[in-house]
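Visitor: Please find one structure pasted underneath; my questions will follow.
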Amino acid sequence: MQEEHLAIASIPIQQWGALYDEKEAMAAGTIFRDLNKPFFAAEIEKKDIKEAAPKSEEQRERETLLTKIAETSFLLDDLTLYLDTHMSDTQALDMYSQKTKERDELKKQFAAKFYPLTRDCIIYCESGGKFCWQDGPMPWEGACV
Amino acid sequence: MWIYEKRLQFPVKITKTCPKTAQMIISQYGGPDGELSASMRYLSQRYTMPVKQVGGLLTDIGTEELAHMEIICAMVYQLTKHLTIEQAKEAGFDAYYIDHTTALWPQAASALPFTSIEFQSKGDAITDLTEDLAAEQKARTVYDNLLRMIPDPEVREPLKFLRAREVVHFQRFGEALEKTKEKLDSKNYYYFNPEFDKGMMKTEL
């Protein structure tokens, strides 16, 4: 149904295709294999980033959970933009609802164990009578993940 | 309404102070093709978009660009957090230091301050979406240039992520342009302005 015409830009509509798993998607910057178009100068370096100071058990646990939240959330970010232009794609819709449930559950767990990521998670904190919204490091400190 | 989520979309953990790198990267905060510019462009254009879905996409991408701005700011912050005066002088970061110490201020790598002159909100859906396609390409080129210049893997990983997002956004804006074209007459897409001459669109929106 798409037709090309003179004097206006045309972009083919993306078809649903193979996806990366959540960890790969973060590294690729997209969940869609078809949209991964890396820059050659970005591919030549070695990837290993050395771990700094040893981490406490609590920090390790916090980072594992926050990484999971980041990955699930990013999948949903990318999927949202896809759905914005593919509103009736059933595979994308199914994945959206499943992953949103997972994200909700992870955010609740994180609030209960560590600190709230969004204001609607404040109620899951065990903060002992204190407003916990300011708990945890600021995201730009690089302290977590 | 917006809701803040207390985490970065992509993690930033930079352990080495480098004001030189900070000065280059700051361009993606307040520079001509930076994330702040991108966000303001899309969030300004969305109100008058004739196709509702396209307004929705502009909202979502404009929101993601705010998250990208936060990633860039976190990088600049971490690169200069433990800055010494000697390092500032050696790296040519002294001029920035005089005006802002190590605080964040939106400017280009060339020290040009952030300005809305760098983007358009033109009130014509085809014009604006074509600008958005170009904007994503310009931002991608900046990330390409940064990746050529910067060797530190702790800095490169977030930059690679941000670069990849430009490619995805380009595809989505292209699809948004196709959605807009569907509502117009392909014999002459330019017969009227879809954003101003609303009554002339193919279907009620």
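For all residues, glycine too, the Cβ spot is worked out from N, Cα and C.
So TrEMBL lists the following for this protein:
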BINDING   B:Glu35, B:Glu65, B:His68, B:Glu136, B:His169  Mn(2+) binding site
BINDING   B:Asp60  Ca(2+) binding site
Visitor: Of B:Glu35, B:Asp60, B:Glu65, B:His68, B:Glu136, listed here as binding-site residues, which sit with their C-beta under 8 angstroms from a C-beta of chain A?
Guide: B:Asp60
Visitor: Roughly how many Å separate the Cα of B:Glu35 (Mn(2+) binding site) from that of B:Asp60 (Ca(2+) binding site), to the nearest whole number?
Guide: 14
Visitor: For the recorded Mn(2+) site, enumerate neighbouring residues of the same chain (Cβ within 8 Å of the Cβ centroid of B:Glu35, B:Glu65, B:His68, B:Glu136, B:His169, site residues themselves excluded), in sequence order.
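Guide: Result: B:Ala38, B:Ser39, B:Ile61, B:Glu64, B:Ala139, B:Leu162, B:Arg165, B:Glu166.
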Visitor: Just the number: how many Å between the Cα atoms of the residue listed as 'Ca(2+) binding site' and B:His169 (Mn(2+) binding site)?
Guide: 10
Visitor: Measuring CB to CB from B:Glu65 (Mn(2+) binding site), give everything in the same chain under 8 Å that is also at least six residues away in sequence.
Guide: B:Glu35, B:Leu36, B:Ala38, B:Ser39, B:Tyr42
Visitor: I need the most crowded of these binding-site residues: B:Glu35, B:Asp60. Count other C-beta atoms within 10 angstroms of each C-beta and give me the top one.
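Guide: Output for this query is B:Glu35.
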